[in-house]
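**Q** Structure incoming, see below.
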Amino acid sequence: MSSSRKALAIVLAAGEGTRMKSDTPKVLHQVAGRSMLAHVLAAVAEAGVETIAVVVGPGREDVTAEALKRAPHAQTFVQAERLGTAHAVLAARAAIAAGCDDLLVLFADTPLVTGATIRALREALAAGAGVAALGFSAADPFGYGRLLQDEAGRLVAIREEKDASAAERAIRLCNAGLMAIDGAAAADWLGQIGNSNAKGEFYLTDIVEIARACGREARVVVADETEVLGVNDRIQLAQAEAVAQNRLRRAAMAAGVTMIAPETVFLSADTVLGRDVTIEPHVVIGPGVSIADKAVIHAFSHLEGASVGQGATIGPFARLRPGAALAEAAKVGNFVEIKNANVAKGAKVNHLTYIGDADIGANANIGAGTITCNYDGFFKYRTEIGENAFIGSNSALVAPVKIGAGAYVGSGSVVTKDVRGDALVVARGRQMEKAGWAASFRAIQAERKAAAKKS
Ligand code: UD1
Ligand code: CA
């Protein structure tokens with residue numbers, strides 16, 4: 001496709017989403033850890049579209065904010081009244097008036113569409129079509145607009161379910177909703193769309209017949225049904241999630257990640273995975289995670305907003321929360337939680353530990369049951385542990401506190417003051433022993449009890 005063609009994408013996000021039964025607008029519901037709107041905007045960017053307009057419903061500042069977060073150069077338009085898909089497109093008439101070669105219309109509730117498919121629609125325009133509609137063969141076509149074709153396979157019209165004859169309803173080839181329109185003619189054709197149909201709405205789909213009446217060809221570009229799944233309720237949201245997860249797992253494995261049971265691993269759209277990473281069963285990776293080459297994530301671990309260095313190992317049953325940054329060859333074992341903390345190269349945090357707001361130096365060893373006491377109910381404080389330090393099991397490090405490099409902390413210590421490098425600190429009750437004390441204690445108490453029974 002000639003890269004000289006200028007494209008404008010209009011993303012329709014003004015739907016009410018009533019069937020989601022949610023306080024959150026439909027297009028902000030998430031698939032693979034990011035909003036459906038963000039997915040569509042990512043696909044648009046992937047297709048090389050430089051100008052983006054998002055049409056939102058009135059009072060939907062949250063949708064506008066998400067659009068601008070994901071596509072900072074996007075223009076946003078408000079569709080004051082919901083009078084149909086053509087009416088929604090025309091809410092962005094100022095963007096259309098600025099001129100483009102390819103006008104693309106996408107629905108923000110169709111999150112699985114790919115950049116490649118958007119490119120295929122653009123190619124149809126580059127090859128001379130006036131309109132290209134994305135079609136799919138529906139297992140159950142009910143509710144979709146049907147694509148009516150002539151004997152040569154050219155698109156003749158799109159008929160909505162409610163306006164279709166019985167013969168038209170039998171057609172399985174359906175309108176996915178995505179459309180590419182010749183930018184030079186778009187404003188004229190959109191202006192001709194009326195609302196004399198069963199729903200009394202301005203249907204974007206009428207543009208096919210209008211373009212043909214102007215002597216232009218309309219084409220169908222066929223996509224797989226899983227790619228054009230529209231999300232109207234939570235059941236379809238879960239179906240979209242399943243498709244998205246399968247794609248992410250396959251892409252990860254294709255890029256050199258081993259997954260023993262991929263169907264049990266959950267990734268996010270932004271997950272970054274290196275080569276020869278191994279992810280064991282039942283791992284959940286939330287947004288903002290990157291895992292470097294050769295790292296191993298053992299079973300039942302949960303990661304979010306964390307980075308894992310090369311060759312590091314995590315879990316089983318570990319939790320990395322936002323701001324956990326593990327360097328190369330770090331080791332985080334079972335029942336360990338790490339939050340907002342740097343764990344330097346080769347450091348080990350192997351068992352039953354909470355590390356929050358901390359810096360752990362290279363090759364430090366954090367014993368079982370260590371807790372960084374980072375919060376006083378009002379503020380958070382940092383713990384600094386130098387390289388090669390050894391923290392004995394069941395120690396509480398009361399922040400703010402620094403443990404110098406190479407220092408030893410005796411097991412069971414509650415450390416409230418800084419510890420110098422290479423020092424030993426023991427902050428617990430001193431052990432004392434009285435020889436024979438227990439035997440004489442037992443003898444005395446037994447005698448008292450016997451005396452008490454007699455009286
Ligand atoms: C639409 C298509 C239908 C297609 C189906 C695919 C039309 C007339 N029909 O039907 O051919 O098979 O999608 O899912 O285009 N929207 C607005 N403002 C409006 C109306 C709609 O922003 O005034 C947005 C919605 O938020 C949604 C999209 O446009 O993202 C589609 O609208 P919807 O009412 O769901 O159309 P369908 O009846 O599903
Ligand atoms: Ca719909």
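Placed from the backbone N, Cα and C atoms, the Cβ positions cover glycine too.
Curation plays no part in TrEMBL annotations; they are all automatic predictions.
Okay, these came from TrEMBL:
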ACT_SITE  HIS351  active site, proton acceptor
BINDING   12-15, LYS26, GLN79, 84-85, GLY145, GLU160, ASN175, ASN232, ARG321, LYS339, TYR354, ASN365  UDP-N-acetyl-alpha-D-glucosamine binding site
BINDING   ASP109, ASN232  Mg(2+) binding site
BINDING   ALA368, ASN374, TYR375, SER393, SER411, ARG428  acetyl-CoA binding site
DOMAIN    9-155  domain 'MobA-like NTP transferase'
REGION    1-234  region 'Pyrophosphorylase'
REGION    235-255  region 'Linker'
REGION    256-455  region 'N-acetyltransferase'
**Q** If you draw a 10 Å sphere around the Cβ of ALA14 (UDP-N-acetyl-alpha-D-glucosamine binding site), how many other Cβ atoms fall inside it, taking every protein chain shown into account?
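**A** The Cβ of ALA14 (UDP-N-acetyl-alpha-D-glucosamine binding site) has 25 Cβ neighbours within 10 Å.
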**Q** As a test of the contact definition, list every same-chain residue at least 6 positions from ARG321 (UDP-N-acetyl-alpha-D-glucosamine binding site) whose Cβ is closer than 8 Å to its Cβ.
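**A** Non-local contacts for ARG321 (UDP-N-acetyl-alpha-D-glucosamine binding site): GLU304, GLY305, ALA306, GLU337, ILE338, LYS339, ASN340.
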**Q** List those of the recorded positions LEU12, HIS351, ASN374 whose Cβ lies under 6 Å from any atom of ligand 1, in sequence order, or write none if there are none.
**A** LEU12
**Q** What subset of the binding-site residues ASP109, TYR375, SER393 lies within 10 angstroms of LEU12 (UDP-N-acetyl-alpha-D-glucosamine binding site), using C-alpha positions?
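**A** So far as Cα distances go, the binding-site residues lying within 10 Å of LEU12 (UDP-N-acetyl-alpha-D-glucosamine binding site) are ASP109.
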**Q** Average the per-residue pLDDT over the region 'N-acetyltransferase' (256-455) and send me the rounded value.
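**A** Here the predicted model's pLDDT, averaged over the region 'N-acetyltransferase' (256-455), is 98.
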**Q** List every residue in the same chain as TYR354 (UDP-N-acetyl-alpha-D-glucosamine binding site), at least 6 positions away in sequence, whose Cβ is under 8 Å from its Cβ.
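**A** When sequence neighbours closer than 6 are ignored, TYR354 (UDP-N-acetyl-alpha-D-glucosamine binding site) has VAL336, GLU337, THR370, ILE371, THR372 within Cβ distance under 8 Å.
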**Q** Cα within 10 Å of ASN374 (acetyl-CoA binding site): which of the binding-site residues LYS26, ASP109, GLY145 qualify?
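**A** None, since no candidate lies within 10 Å.
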**Q** Which residues of the same chain, at least 6 past either end of the region 'Linker' (235-255), have a Cβ under 8 Å from a Cβ in it?
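**A** Result: 20, 29, 31-32, 36, 39, 111-112, 226, 229, 262-263, 265-269, 271, 273, 275, 279.
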